[in-house]
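Just below is one structure, and these are the notes that go with it.
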Amino acid sequence: MTRIDATFERLKSEGKKAFVSYMMAGDPDEATALSVMRGLPAAGVDIIELGLPFTDPMADGSTIQLAGQRALENGMTLEKTLDMVRAFRSDDDTTPIVLMGYYNPIYNRGVDQFLIDAKEAGIDGLIVVDLPPEEDEELCIPAQNAGLNFIRLATPTTDDQRLPKVLQNTSGFVYYVSITGITGAAAAQAADVAPEVARIKAQTDLPVIVGFGIRTPDVAEEIAGVADGCVVGSAIVAELASGKSGDEVLSFVKTLADGAHSA
Amino acid sequence: MANDLFNSFMKGPDEKGRFGIFGGRFVSETLMPLILSLEEEYEKAKTDQSFWDEMDYLWKHYVGRPSPLYYAERMTERLGGAKIYLKRDELNHTGAHKINNVLGQIILARRMGKTRIIAETGAGQHGVATATVCAKFGLKCVVYMGAHDVERQAPNVFRMRLLGAEVVPVTSGRGTLKDAMNDALRDWVTNVRDTFYCIGTVAGPHPYPAMVRDFQSIIGKEAKEQMMEAEGRNPDTIIAAIGGGSNAMGLFYPFLDDKDVNIIGVEAGGKGVNEKMEHCASLTGGRPGVLHGNRTYLLQDDDGQILEGFSISAGLDYPGIGPEHSWLHEVGRAEYVAITDKEALEAFQLCCETEGIIPALEPSHALAHVMKIAPKLPKDHIICMNMCGRGDKDIFTVAKHLGFDMSDTEGRTAD
């Protein structure tokens, strides 16, 4: 059982929905990013998604693109991202960390070496946007064999015929993308999302977490209400980008977490 | 590797869209169903005579095909060696080979009921071709172009706008061709229901590399027949410039199994292929990675971050290359070399002076390699080079590099 599985068991026993936050490793700088990351569990975050910066994030809107650029300009690398996880793990051994990014930096390191390093650093799961089920042999299957969860995205274009293929090698949870679009774009609508979550849950026992287009505590509550939880990314990254202090950002995160948890 | 393909180099890609380890479908889940349906539609179209009848009609009457195969006599004499033929794809409507492929994709988009076409463009040639065919069919057209390229290719931006296309300057990343492709993919993922992404080169997720190659193969098919007519045999060497590699793949593909034909791809060497990476020579100076839906050779740093290319030619300014080229490189069927900006400019001038043809900067790279090898080859050695675009769009850039004062054309010079 991974930390992700354990977290969902705990949430289930508490009757609570999951709140997942996203932040970019090394944004706006390594020290601030680490101190914010360390504050996330106390702000109510159940699972941390940590973005691995990439020059060409083709599924992300400008907020996350710019965060990645800032991180890279500050010298962030895959190794430093793993260092950040190691530092976090030195005083938190329970909060799950999902590394989210694109395949090339991982492929560049070598999949086998990456999996050894990621596991050792304390990463629990991976979301790799540009690896659909058709490319499962690349990383998904080796990651599962190495004991990491591989969390797949399901989207509004994933029809019933295709859904089993998407669910087949997914573990940890299913990440439902609420909109056809990029991160930080259109607003998620609970009325649209509810039947989609039901459609996925009819085919899997895994928790279904909804992300993309969630920016406010109210929407977090609405969306978490029709799923097993929700993800907020761009709205948090934008707070960091606006020059707010780590504590201010964490207070904002807490309002979002409270929203999701009151669902 | 060739044995796996029953000794043919023409059987790729496999059912996973791979050429050896290259190619594939590295896209987000939102796009995956679209790519599968595109593959299905393309497979149907491929064996549908009415599809090819429509293509042939428009190739002939709209594009002006077949393009001539021209014996460059004075250039041959000047270089004093091999006999040089130019495949004149610069004479196509819109001035480059790009329209060969655009026509195929737009006809396919119409069959799929798509009403909105998006495209990325670097030098603007693919954007102009897409805007042109969209105007012809009354389709809405949006072209993504790096903000930097919008500046240095102002005439093409105006052409696209005249043709009714919306040109979106891309400021994300560094505002170049690869960023334009990122933004086109972002648009596609947002407007999946009505939008068709018309990719301009033999890259991207499967089936694009194979589909674009098939549409561009008209170049090689014609060249083969025309060479047979002119010389009664195949050329000894075929040469083309490579950014993403579509004109090259189009020329090369019909010759891949003709083992006696040397195949040479010419990458943009910029200021020289060195540790400063001021070039776009993905095969000469890069290594395999995954970007824009496919695995291929890429310019990247030690951490797997993608680097910007550098070239005098906006059309070659891309840090990747089509996956089939990566495969042909690894199996050794084709040779890939790099030519610097300076060498390309010299070839540009030679072509103007000896043949009365103003070439685009892209094929000037191929021509520069011809200039290097032709003098050392015997007179009965036949070279066929793809003149894939004309140079009207480049005269401002060339003027600047040659020190001509064209100050009356303010804002049109590079940088």
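Each Cβ is built from the backbone N, Cα and C atoms, and glycine gets one as well.
Pulled from TrEMBL:
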{"type": "ACT_SITE", "residues": "A:Glu49", "note": "active site, proton acceptor"}
{"type": "ACT_SITE", "residues": "A:Asp60", "note": "active site, proton acceptor"}
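Cα-Cα distance from A:Glu49 (active site, proton acceptor) to A:Asp60 (active site, proton acceptor): 14 Å (rounded to the nearest whole number). Listed in sequence order, the residues of the same chain lying 6 or more apart from A:Asp60 (active site, proton acceptor) and placing their CB within less than 8 Å of its CB are A:Gly68, A:Ile182, A:Thr183, A:Gly184. Annotation note: A:Glu49 (active site, proton acceptor) sits in a strand segment as assigned by DSSP.
For A:Glu49 (active site, proton acceptor), the count of additional Cβ atoms within 10 Å of its Cβ stands at 25 [all protein chains shown].
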